[in-house]
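**Student:** Following this message is one structure expressed as structure tokens.
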Amino acid sequence: MTTQAPPTSLLPLSPEQLARLQAAVGEFSPTQMAWLSGYFWGMVNQQPGAVASPAVAAPPPVTVTLISASQTGNARRLAEQLRDDLLAAQLSVNLVNAGDYKFKQIAQERLLVVVASTQGEGEPAEEAVALHKFLFSKKAPKLSETAFAVFGLGDTSYEHFCQAGKDFDSKLAELGAQRLLDRVDADVEYQVQAQQWRQQVVATLQAKVPAQSTAPTQFIAPTQSTTPAAAAITSGGTTTVSPYSKTAPLTAQLSVQQKVTGRNSEKDVRHIEIDLGDSGLRYQPGDALGVWFDNDPALVEELLALLWLKGDEPVSIDGQNMPLAQALLSHLELTQNTTLIVDKYAALSRDETLIALLADKPALQLYAKNTPFVDMVRQAPSDLNADQLVGLLRPLTPRLYSIASSQAETENEVHITVGVVRYDIDGRARSGGASGYLADRLEVDGDIRVFIEHNDNFRLPANPETPVIMIGPGTGIAPFRAFMQQREVDGASGKNWLFFGNPHFTEDFLYQVEWQRYVKEGVLTRIDLAWSRDQAHKIYVQDKLREQGAELWNWIQQGAHIYVCGDANRMAKDVEQVLLDVVALHGAMDAEQADEYLSELRQARRYQRDVY
């Protein structure tokens, strides 16, 4: 929630004094600000006739700076929990979103705690990219006066597990900082590890820093990331707390499920509309919809048959007893495999092929990525019992989809654009867990459990006159549909430019009629389209960006905000390289200057990405 300053007429300061004060405090770190607050309090409350002296002022409280580097909200929620723990222990804490952290002040930090998630192939969370770049640059200062701890969040199904956390931990140590605790690398099911780590952090800091005798000062960066992200949304200057979250989702109803790619398309993309009813669930353009799903019953039956299990065997999931079949249907992950699961299953099955695979890490990673658990069991039969099976599998996790609508237009509905995952293994048709559920198994008017994952790192500019550049091939177009709905309702006068790409114009132009209407009515100023397979030479959105480099630079010079949504591993990296090339060429900069310029755009929230 943003707190507005009172009118200057109500302040005990003249406009000139207020201006000087604001200019002065901008130079101080949170620790220095805390000391000054105590110093000024002492000046006001001193005995008559006494002379204020900095030498006798109370020692400044040592502030713990807690940086949240979150991609899907988990790191942010963990950081908020740790903040509350530290406040309860009467320690001064400053919780800040990595994207808002003024990293040039890092040399002044004495106690630093980082909660960092990893995205894609070992990349830091989008909001932490600038901080990551700074620490790995020549400008990073020595941190010999800093003590730190790092908690890494990741997913063992990816090769570079918790790489961002590892990067922050190793670089901080390399710069001279001292570890308070060993780094923790946590998998998808991180809650138990996180709770233990929080207790260790509090105990360690309590031993290192005396508790404050009065309520600790807490400096919070002006960002919604410090509120419970899954349950709060700011609108019109007020914050509305929602009862719905990842752990307490809303049961909504599917109202529309429509294929939006052509009959001959190689892609199966669905437009999904979900009725929120009178739930009061609110979201903003840029947010994501979390979707809980059930596995395919046919997949459950196939797995049970392969293991000679009936499905009625009693098992326990998070302390709740249920039949094995129910656990497999609604509580355990069946469509994603990991190297750790392959390792454990190889030991249980004693399959020679799997055991040999363990010695070849690249081959193991590829196998786990491309072979669902049920197909591994089929290829390497075993006689697991129900408890062994449950012990192998990971808990089911919801999938996040970029929201493709604005409530300013759709009111009590939320729309998403879903690329259905379909593939064959040994002649057997397979589909993605959530995408197959939405496309094939969930019926219209059927119940669906959803929640909003707020993303304050992907927001339209506050000024409606600001130009907007949107780069979203494939299903990456989803949030830009929401952006355009919002800009149209707001009557925003700023220019809008869309870059979109897909294989074929006739089969894969998602929401074609809507974009044509926006162009005709002047809401969409420009649209550049890249059809990769409509000609012999493949053309992608990054090629269109390079082609329009001069005009792109002109828009950037006019203050345009740049947004990128879609594939993190290839498209987003290629687009960023083209942006760097455009900045260097048309801005007359060398590669290092262009990289710094793009980092400055990112810091100013003029370059935002929602990549996955």
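Cβ coordinates are placed from backbone N, Cα and C, and glycine is handled just like the others.
These numbers come from a predicted model, not from an experiment.
As annotated in Swiss-Prot:
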type    : residues                                                       : note
BINDING : 70-75, 117-120, 153-162                                        : FMN binding site
BINDING : Thr335, Lys369, 399-402, 417-419, Tyr423, 432-435, Tyr612      : FAD binding site
BINDING : Ser532, Arg533, Lys538, Ile539, Tyr540, Val541, Gln542, Asp574 : NADP(+) binding site
DOMAIN  : 64-202                                                         : domain 'Flavodoxin-like'
DOMAIN  : 247-461                                                        : domain 'FAD-binding FR-type'
**Student:** What mean pLDDT does the predicted model reach across the domain 'Flavodoxin-like' (64-202)?
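**Tutor:** Within the domain 'Flavodoxin-like' (64-202), the model's average pLDDT equals 93.
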**Student:** Check Asp155 (FMN binding site) against DSSP and tell me helix, strand or coil, would you?
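**Tutor:** DSSP call for Asp155 (FMN binding site): coil, neither helix nor strand.
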**Student:** According to DSSP, which kind of secondary structure is Ser70 (FMN binding site) found in, if we only use helix, strand and coil?
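**Tutor:** Note: Ser70 (FMN binding site) is coil by DSSP, not helix or strand.
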**Student:** Mind telling me which of the binding-site residues Arg399, Arg533, Lys538 has the densest Cβ neighbourhood, counting other Cβ atoms within 10 Å?
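**Tutor:** Top count of Cβ atoms within 10 Å goes to Arg399.
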**Student:** If one measures from the C-alpha of Ala434 (FAD binding site) to the C-alpha of Ser532 (NADP(+) binding site), what distance in angstrom results, rounded to a whole number?
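**Tutor:** Cα to Cα, Ala434 (FAD binding site) and Ser532 (NADP(+) binding site) are separated by 27 Å.
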**Student:** Take the C-alpha atoms of Ser117 (FMN binding site) and Lys538 (NADP(+) binding site) and report the distance between them in angstrom, rounded.
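**Tutor:** It is 34 Å, counting Cα to Cα.
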**Student:** Give the sequence-ordered list of residues that share a chain with Ile539 (NADP(+) binding site), lie 6 or more positions from it, and have CB atoms under 8 Å from its CB.
**Tutor:** Gly501, Ala530, Trp531, Ser532
**Student:** To the nearest whole angstrom, what is the C-alpha distance linking Thr335 (FAD binding site) and Tyr158 (FMN binding site)?
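**Tutor:** Between the alpha carbons of Thr335 (FAD binding site) and Tyr158 (FMN binding site) there are 14 Å.
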**Student:** Can you check which residues sit near Tyr401 (FAD binding site), meaning Cβ under 8 Å from its Cβ, same chain, 6 or more apart in sequence, and list them in order?
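**Tutor:** Expected: Ala288, Leu289, Val291, Ile416, Thr417, Val418, Ala478.
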**Student:** Roughly how many Å lie between the Cα atoms of Arg533 (NADP(+) binding site) and Gly419 (FAD binding site), rounded to a whole value?
**Tutor:** 19
**Student:** According to DSSP, does Gln542 (NADP(+) binding site) sit in a helix, a strand, or coil?
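**Tutor:** Once the DSSP labels are grouped into three classes, Gln542 (NADP(+) binding site) ends up as helix.
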**Student:** When DSSP states are folded down to helix, strand and coil, where does Thr417 (FAD binding site) land?
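**Tutor:** Reduced to three states, the DSSP call for Thr417 (FAD binding site) is strand.
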**Student:** By CA-CA distance, flag whichever of Gly73, Gly120, Phe161, Val541 among the binding-site residues is nearest to Arg399 (FAD binding site).
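**Tutor:** Spatially nearest to Arg399 (FAD binding site) by Cα position is Gly73.
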**Student:** Provide, as an integer number of angstrom, the distance between the C-alpha atoms of Ser70 (FMN binding site) and Tyr612 (FAD binding site).
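**Tutor:** Between the Cα atoms of Ser70 (FMN binding site) and Tyr612 (FAD binding site), the distance comes to 13 Å.
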**Student:** For Gly432 (FAD binding site) and Tyr158 (FMN binding site), what Cα-Cα distance in Å is obtained after rounding to a whole number?
**Tutor:** 17
**Student:** Please report the distance from the Cα of Gln542 (NADP(+) binding site) to the Cα of Tyr612 (FAD binding site), rounded to the nearest angstrom.
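**Tutor:** The Cα atom of Gln542 (NADP(+) binding site) is 17 Å away from the Cα atom of Tyr612 (FAD binding site).
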**Student:** How many Å separate the Cα atoms of Phe161 (FMN binding site) and Gly419 (FAD binding site)?
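**Tutor:** If we compare the Cα positions of Phe161 (FMN binding site) and Gly419 (FAD binding site), the gap is 25 Å.
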